[in-house]
Amino acid sequence: MGLCFSSPKATRRGTGSRNPNPDSPTQGKASEKVSNKNKKNTKKIQLRHQGGIPYGKRIDFGYAKDFDNRYTIGKLLGHGQFGFTYVATDNNNGNRVAVKRIDKAKMTQPIEVEDVKREVKILQALGGHENVVGFHNAFEDKTYIYIVMELCDGGELLDRILAKKDSRYTEKDAAVVVRQMLKVAAECHLRGLVHRDMKPENFLFKSTEEGSSLKATDFGLSDFIKPGVKFQDIVGSAYYVAPEVLKRRSGPESDVWSIGVITYILLCGRRPFWDKTQDGIFNEVMRKKPDFREVPWPTISNGAKDFVKKLLVKEPRARLTAAQALSHSWVKEGGEASEVPIDISVLNNMRQFVKFSRLKQIALRALAKTINEDELDDLRDQFDAIDIDKNGSISLEEMRQALAKDVPWKLKDARVAEILQANDSNTDGLVDFTEFVVAALHVNQLEEHDSEKWQQRSRAAFDKFDIDGDGFITPEELRLQTGLKGSIEPLLEEADVDEDGRISINEFRRLLRSASLKSKNVKSPPGYQLSQKM
């Protein structure tokens, strides 16, 4: 009795009308099993503006005005709230392209104009990526906006899933698909961009060939985010929305959750979170753990299950990042992490390390020494990506180049030098792998992925300071182990919660978990992405 697989229409609550996917199918009647029956039964959950004037008709977007001279529009591919998508032909060379034609008269609010401008900027920024639909140009006349893009006629990922036996991919084929989605997410995140609507309908195959590359499309809900700021609005598609989106405190991690949901579906043909109503789906997302017991999960490899579980961690800080996920053994290409991009979370950890108290830096160094290098594949990949000359250490120039890739943060050279100095514990002017691990470590993930091992590691780190083994770190023990001079008591204040002049194991673990930078919970201003980061 299976019915339509895909989720309800993408939603943006509280920030205006958006309908980014002109021809994607949406949820009709409810069914747990994937099927393509009744694929046309759709239900929109998007909030729309009511009334207003044709604001877009009064705006000159500054785009080229010679579309009709350059292209000839052909058959219709799909349509949405604001316009239509067509196949078109380049009059100069005969090449076929896709053209998204948007009716200015239907843009009745300023935010809808800003949405179009932002989507064009995003396509311009990402258009050179191998797994993002190519951007050619944007045009306008008095009536329409024309966004000219690469034509991908291989169909949606959704259709490929539905065509598979039991709507399932083999693990090998699923890994190929997931790897391409993760590359898109990692590139977006480096640019300070969050896609915010990753789902099978928003990925197209370049051609109908079996090995065709996958291309991300539809950035209508995508947005740029300020460092240290979280999105408050609820956007996306119900089946793929992350818990933190529903809590109105979301960031780049939400894209990884969505890819985790897609991976689950690719491997078993079912959704991990399902209900007949949207509110029911949200309740499942917030409270339920994905099932890995029912068929076919017993026959799926432990590596695949481990990968999916680490993407579907409800606490975003403990979830793998997109770049980390590319280093996971299950998704690696031929056992190697090919072209792993620099991870924004690693760069962020290195920036934060400078702001940590001296005590926390010392505690993190002790914790890092308890971890075997073979457990640090993702950080080794990151270190190698930053170590351009492959000499086994990161120089000031290599650090500068790495930090420059994180587009939202425009750090001055003096700040880069400060970060390198904080990471360089032996003061030789370079950061080796051991020093790098201390600053780049994801402590929240250590606890989430293996709580028993976390208990052992944090205890081992604690014991390095607890010389007499009485279960507490005293100022004198800290002085003996660190060689610090002067008054030690001020150092203890951050960790000594009960103010008894010493640090217990629980206080020590709390110190390791804590972060000195906290994200502010504010709304993303509608025009922010147009004034900052490109």
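Cβ atoms here come from the backbone N, Cα and C positions, even for glycine.
According to Swiss-Prot, the features are:
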BINDING   Leu77, Gly78, His79, Gly80, Gln81, Phe82, Gly83, Phe84, Thr85, Lys100  ATP binding site
BINDING   Asp387, Asp389, Asn391, Ser393, Glu398  Ca(2+) 1 binding site
BINDING   Asp424, Asn426, Asp428, Glu435  Ca(2+) 2 binding site
BINDING   Asp496, Asp498, Asp500, Arg502, Glu507  Ca(2+) 4 binding site
COMPBIAS  14-29  compositional bias 'Polar residues'
DOMAIN    71-331  domain 'Protein kinase'
DOMAIN    374-409  domain 'EF-hand 1'
DOMAIN    411-446  domain 'EF-hand 2'
DOMAIN    453-488  domain 'EF-hand 3'
DOMAIN    491-518  domain 'EF-hand 4'
LIPID     Gly2  N-myristoyl glycine
MOD_RES   Ser237  phosphoserine
MOD_RES   Ser504  phosphoserine
REGION    337-367  region 'Autoinhibitory domain'
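Here the features listed in Swiss-Prot are painted onto the structure.
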| residue | record | Cβ contacts under 8 Å, 6 or more apart |
| --- | --- | --- |
| Asp389 | Ca(2+) 1 binding site | Ser395, Glu398 |
| Asn391 | Ca(2+) 1 binding site | none |
| Asp424 | Ca(2+) 2 binding site | Leu430, Val431, Glu435 |
| Asp428 | Ca(2+) 2 binding site | none |
| Asp496 | Ca(2+) 4 binding site | Arg502, Ile503, Glu507 |
Alpha-carbon distance [Ser237 (phosphoserine); Asp500 (Ca(2+) 4 binding site)] in Å: 50
Residues from the same chain, set at least six apart from the ends of the domain 'EF-hand 1' (374-409), whose C-beta lies under 8 A from its own: 190-192, 224-227, 320, 323-324, 326-329, 337, 340-344, 346-348, 350-351, 416-417, 419-420, 429-433, 436-437, 440-441, 532-534
Nearest-integer angstrom distance between the alpha carbons (Cα) of Thr85 (ATP binding site) and Ser237 (phosphoserine): 21
Residue among recorded positions His79, Ser237, Asp387, Ser393 with Cα closest to the Cα of Asn426 (Ca(2+) 2 binding site): Ser393
Neighbour-count leader, CB within 10 A, recorded positions: Thr85, Ser237, Ser393, Ser504: Ser237
Maximal Cα-Cα distance (Å) across residues annotated as binding ATP, namely Leu77, Gly78, His79, Gly80, Gln81, Phe82, Gly83, Phe84, Thr85, Lys100: 14
Residue with minimal Cβ packing [other Cβ atoms within 10 Å] among the binding-site residues Asp387, Glu398, Glu435, Asp498, Glu507: Asp498
Nearest recorded site to Ser237 (phosphoserine) by CA-CA distance, among binding-site residues Leu77, Gln81, Gly83, Asp387, Asp498: Gln81
Number of other Cβ atoms within 10 Å of the Cβ of Gly83 (ATP binding site) across all protein chains: 23
Cβ-based isolation winner (fewest other Cβ atoms within 10 Å) among the binding-site residues His79, Arg502: His79
Fewest other C-beta atoms within 10 angstroms, as judged across Gln81, Asn426, which are the binding-site residues: Asn426
Env. residues of Ca(2+) 4 site, Cβ within 8 Å of mean position of Asp496, Asp498, Asp500, Arg502, Glu507 Cβ: Phe472, Leu492, Ala495, Val497, Glu499, Gly501, Ile503, Ser504
Between Leu77 (ATP binding site) and Asp387 (Ca(2+) 1 binding site), the C-alpha gap once rounded to whole angstrom: 46
Cα-nearest neighbour of Ser504 (phosphoserine) within the listed binding-site residues, Gln81, Gly83, Ser393: Ser393
Protein Cβ atoms within 10 Å of Leu77 (ATP binding site), excluding its own: 16
Helix, strand and coil counts within the domain 'EF-hand 2' (411-446) (DSSP): 23 helix, 2 strand, 11 coil
